[in-house]
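Asks: Copied straight from Swiss-Prot:
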- 13-249: domain 'ABC transporter' (DOMAIN)
- Gly45, Pro46, Asn47, Gly48, Ala49, Gly50, Lys51, Ser52: ATP binding site (BINDING)
Amino acid sequence: MSSTLSSHNVIALKASNLHLQLGGKTLLDNVDLEIRSGQITALLGPNGAGKSSLLKVLNGEITPNSGSIEIFSSPKDHWPSELLAKHMGILPQHSTLSFSFLAHEVAELGAMPLAISNHQAQQLAAKNMVKVGVDHLANRLYPTLSGGEKQRVHFARVLTQLSHSGEQCILMLDEPTSALDLAHQHHTLEIAQALSQQGAAVIIVIHDLNLAAQYADRLIILNQGKIQADGTPWQVLTPTAVENVYGWPVQVIAHPEHNYPVILA
């Protein structure tokens, strides 16, 4: 994607009055939010708070009962699916794939919306596998990979998909660190951070408050389908706010070198 400053601080995604009810349970209760380019926005909250439901509504996987979504100032319904695929990439928490593709073939699937040659797709996917750190797995059968390895291969696929997004880029990550070890958690979030610094709008569903505080520019805490807090890490992660939402007392201190909040439970 392009790294021009004009893509920063643009409203990439706007949601108005989103309401979602499934099986008689309200999952989203009239949610309003704007997601801006050039930022990482982390969606936080306890289990069942509505985080993944919100992400799935924003990316079109689930249709809300009511409400509207705009992507770069145009109604989402006005975006042809093949065009939207070039500008919005989604890494789900769990990716099911029943065919015995090689890992590099999975990464190359990201090039399908790009209308490029097979050779170009292979080069692009190989580049992103190196970036994610899975190039050594390129010729492994995908089903033989560990959960974390599969997740990283799919991240390479999503990066390949967004490689021609230009200034309009939205990256959605649903629990991207859940199956990863410490080093790969930070490496994944560093890649997301670099994309946001180039102008991408990055939305991450994450449970780890400390990782969110370290990497996100903006935190949104959801609870019972409603936004309970929205702001910078220091504005949102107060002891009172965290205890009220999660039901557990915490202390909040400043990181000794980088001054982001650190949660001690």
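Including glycine, each Cβ sits where the backbone N, Cα and C put it.
Mind running through what each feature is packed against?
Replies: Within the model, the domain 'ABC transporter' (13-249) shows a mean pLDDT value of 96, rounded to a whole number.
In the shown protein chains, 24 other C-beta atoms lie within 10 A of the C-beta of Gly50 (ATP binding site). In the three-state DSSP classification, Gly50 (ATP binding site) falls within coil.
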Asks: May I ask which residues of the same chain, at least 6 positions away in sequence, place their Cβ under 8 angstroms from the Cβ of Ala49 (ATP binding site)?
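Replies: Those within reach of Ala49 (ATP binding site), by Cβ under 8 Å and sequence separation of 6 or more, are Ile221, Leu222, Asn223, Gln224, Gly225, Val245.
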Asks: Cβ atoms within 10 Å, counted per site: which of Asn47, Ser52 has the most, among these binding-site residues?
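Replies: Selected residue: Ser52.
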Asks: According to DSSP, does Gly45 (ATP binding site) fall in a helix, a strand, or coil?
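Replies: For Gly45 (ATP binding site) - judged by DSSP and reduced to three states - the answer is coil.
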